[in-house]
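According to TrEMBL, the protein has these features:
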| type | residues | note |
| --- | --- | --- |
| TRANSMEM | 38-59 | transmembrane segment |
| TRANSMEM | 86-105 | transmembrane segment |
| TRANSMEM | 126-150 | transmembrane segment |
| TRANSMEM | 162-184 | transmembrane segment |
| DOMAIN | 170-264 | domain 'CAAX prenyl protease 2/Lysostaphin resistance protein A-like' |
| TRANSMEM | 205-222 | transmembrane segment |
| TRANSMEM | 228-246 | transmembrane segment |
| TRANSMEM | 253-272 | transmembrane segment |
| TRANSMEM | 287-306 | transmembrane segment |
Amino acid sequence: MRIHDRQANPSRRPALPSRPTEYHQFLRTPGYRWWKSVLAIALIPIAYVVSTFTLTWGLTALSESLGLGLVPPETPGDGVVTMSPARLLASNLAIGLLIPVSLGLQRLLFGQPGRWVHSVHGRFRWKLALTLAGVLVPVWIVYGIVWTMMNPEAAGVSGPPATLASTVVLFVIGLLTSPLQGAGEEYAARGLLARSFGSFTTQRTVSLLLALLAPNLMFTVVHGLADPLMVVYTFSVGLACAVITWRTGGIEGAVVLHAVNNAILLMVASFFSSEITIDRSSGYGEVMLPGTLLMLLTAAGVWLWARRRDIARSADPTSGHPTNK
């Protein structure tokens, strides 16, 4: 009788799927409530604004009040942001905070432990991540050097020449915190947001399209870009990461791709300039076409690799059996 009552109580329905489930539908469980997904979709941007305000804008206020000169002044409305080492560090850490926020919100709203955000297996698959990193890192080093030398303004290295001190500082920031920044965006956009959108329906195709497109539209809008080709590039980055997440059944590959791209481009830039200039206005979109193509080719390559290696994209957490069905 006690067992029957427990099953009949909606508040005690299983928090995890009870059948083989793909990553983007993992929140669609017997105890699913649509309003929880809506709340998650609303809370992620709020968390981003709060963390950014606390660290980035807080640093600016501190620098100005004490006359430290840590944050270069901006010209309102010109779309150009000069990233000093201090501002870059604060920005990376602010976005990196979205990792624990995403893990915590999934636990709080949906009752699923944070480890299930990593993958449908309930763990971060380090072997998969390191395998992809071993392939992507050398490719991105070559791409980063060639692209930066050919397009210094678009790469943000047209400012003051690099010094030994600035190179060391920016290189270390890129090495240690840019992966956190990339991972933060992935856990938020391709993790909790994609799952929240994908959970709105049980229709597999519609669910997948919602998970692939809706979070990436948000991801692109947040960047505040004016150049249409820059918009295409940014959306392509998100789409590539979303496809990799879907085809591998977890966030690890997307985290690696995003982290490798951001970290290596910054570390390469550290040898050219003492500060990084981000220009979101029009004019540089065409030079991002190689990056767009590289992102899409990477997603296609990971798709084929995952299929050849028979990497499961779905699993039944109650049985632990992976499947590609």
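The backbone N, Cα and C atoms fix where each Cβ goes, glycine too.
Because the structure is a prediction, the values reported are computed rather than measured.
By the Cβ criterion (under 8 Å, sequence separation of 6 or more), the transmembrane segment (253-272) is in contact with the transmembrane segment (162-184), since 3+ such pairs are found. In this chain, the transmembrane segment (86-105) lies in contact with the transmembrane segment (162-184); the count of Cβ pairs under 8 Å, excluding pairs fewer than 6 apart in sequence, is at least 3. Ranking 86-105, 126-150, 205-222, 287-306 by CB pairs under 8 A with the transmembrane segment (228-246) puts 287-306 at the top. Summed and averaged per residue, pLDDT over the domain 'CAAX prenyl protease 2/Lysostaphin resistance protein A-like' (170-264) gives 95.
With a cut-off of 8 Å between Cβ atoms, the residues of this chain six or more beyond the transmembrane segment (205-222) that come close are 22, 24-25, 28, 45, 48, 185, 189-190, 193-195, 197-199, 231, 234-235, 238-239, 242-243, 246.
The list of residues near the transmembrane segment (86-105) in space but at least 6 beyond its ends in sequence, with Cβ under 8 angstroms from a Cβ of it, reads 40, 43-44, 47-48, 51-52, 54-56, 58-60, 63, 70-72, 114-115, 117, 170, 173, 177-178, 180-181, 183-185, 187-188, 191-192, 266, 276.
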